[in-house]
Amino acid sequence: MALPGSFVLALLFFALSINPLEARGAFDRPARRPPQRTAAEGICASSVRIFGYKCEEHDVVTQDGYILNMQRIPEGRAGAGDMSKRQPVLIQHGILVDGMSWLFNPADQNLPLILADQGFDVWMGNTRGTRFSRRHKYLSPNQPAFWNWTWDELVSYDLPAMFDHIHGLTGQKIHYLGHSLGTLIGFASFSEKGLVDKLRSAAMLSPIAYLSHMTTVLGDIAAKSFLAEATAIIGVAEFNPKSGLVGNFIKIICRQAGIDCYDLISVITGKNCCLNASTIDLFLANEPQSTSTKNMIHLSQTVRDKVLRKYNYGSSNYNKKHYGQALPPAYNISAIPHDLPLFFSYGGLDCLADVSDVRFLIDQFKFHDVDKIDVQFVKEYAHADFIMGVTAKDVVYNQVATFFKRQV
């Protein structure tokens, strides 16, 4: 279902008139119990050290001035052993969340802690705009210029800054693990070969690059009705789903499309099989995070255009100014080195990383070295099961750890 662009713009202006204190927001839900923890004191303090693990907070500065927060879990709960033998792993979150999204379950079900216990030096990234990466050398989040970026900049600046920091401290090549948008920026970056000299292997959970068959109702409506573009028209540079404006607009779209916004996780990600109630409560107490409206426009372009390209500025003249050509350059995923060890895991019920799109993505690797690619299909999993599922340790994470250990 696609709503006419003029109708969407009218809804947006209607949303401006709604008092968020008088209406339940799109991400609100009836509370079952008070959330057990939030990240007010940082992710290490709130979600790692409480389980008995060492955790370090790191800040890295990108070449374009953003100050990104990272967490390092240098050892397992039992201790470090020989640190020189602990291979670094960078874990990268998806869209509208931050690194805390990996840590909502008990310790023995959380991927970063599982990998630390299995002998890895674990790092978690938090991309620009998320709650602990809302800093810049010269800009404030209150300035529109702070939000003038898309996932192109995550590829060009954020990932290189994280890789350089980890490599500089450890002197080792890095295992990369991405989920959702974390896979997209990984694919794009590795295809341009800027980081492959520091990369040991990559594991991609719920991988997205092509979104032609995306079946998430809200995402499909938002992309095809130009939600992000309409938001930009009225000058909203920060896309914050919890804000009065964006939250009210999402709620209106849900109502128009007959979507139950109280089950928004399922509406966006698919029917997840394996989330428990307390995990969902923690997720909704801490997420979603802000991103830039421009980033949402870029993702919408990917859905509508069915091509993985850099940001389209809307006219051949503007594109020529930025890229020297009428159309934005495409990312050539098949250019990823054929000997790079890759692990894919995707779900049969995922509405964002649809099975057809993932299989088309994997087909781009048909010339990859056959002994360097592992593919796992989990029939009952949807998008969020890969980061918060209570069965994910046995179904996915142990397989990821085994894959990483093979890459000596």
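For all residues, glycine too, the Cβ spot is worked out from N, Cα and C.
TrEMBL does not curate its annotations; it predicts them automatically.
Annotated features, as they stand in TrEMBL:
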type: SIGNAL; residues: 1-23; note: signal peptide
type: DOMAIN; residues: 48-105; note: domain 'Partial AB-hydrolase lipase'
type: ACT_SITE; residues: Ser180; note: active site, nucleophile
type: ACT_SITE; residues: Asp350; note: active site, charge relay system
type: ACT_SITE; residues: His383; note: active site, charge relay system
Inset, instruction - Averaged across the domain 'Partial AB-hydrolase lipase' (48-105), what pLDDT does the model get? Just tell me the whole number, please. - result: 92
Inset, instruction - Do me a favour and check the Cα-Cα span between His383 (active site, charge relay system) and Asp350 (active site, charge relay system); whole Å is fine. - result: 5
Legend entry - Alpha-carbon spacing, Asp350 (active site, charge relay system) to Ser180 (active site, nucleophile), which is rounded to whole Å: 11
Legend entry - Secondary structure composition of the domain 'Partial AB-hydrolase lipase' (48-105) [DSSP: H/G/I, E/B, coil]: 10 helix, 21 strand, 27 coil
Legend entry - Cβ atoms near His383 (active site, charge relay system) (within 10 Å, other residues, all chains): 28
Inset, instruction - Report the same-chain neighbours of the residue listed as 'active site, nucleophile': residues 6+ apart in sequence with Cβ closer than 8 Å to its Cβ, ordered by sequence. - result: His93, Gly94, Ile95, Leu205, Ser206, Ile208, Leu352, Ala353, His383
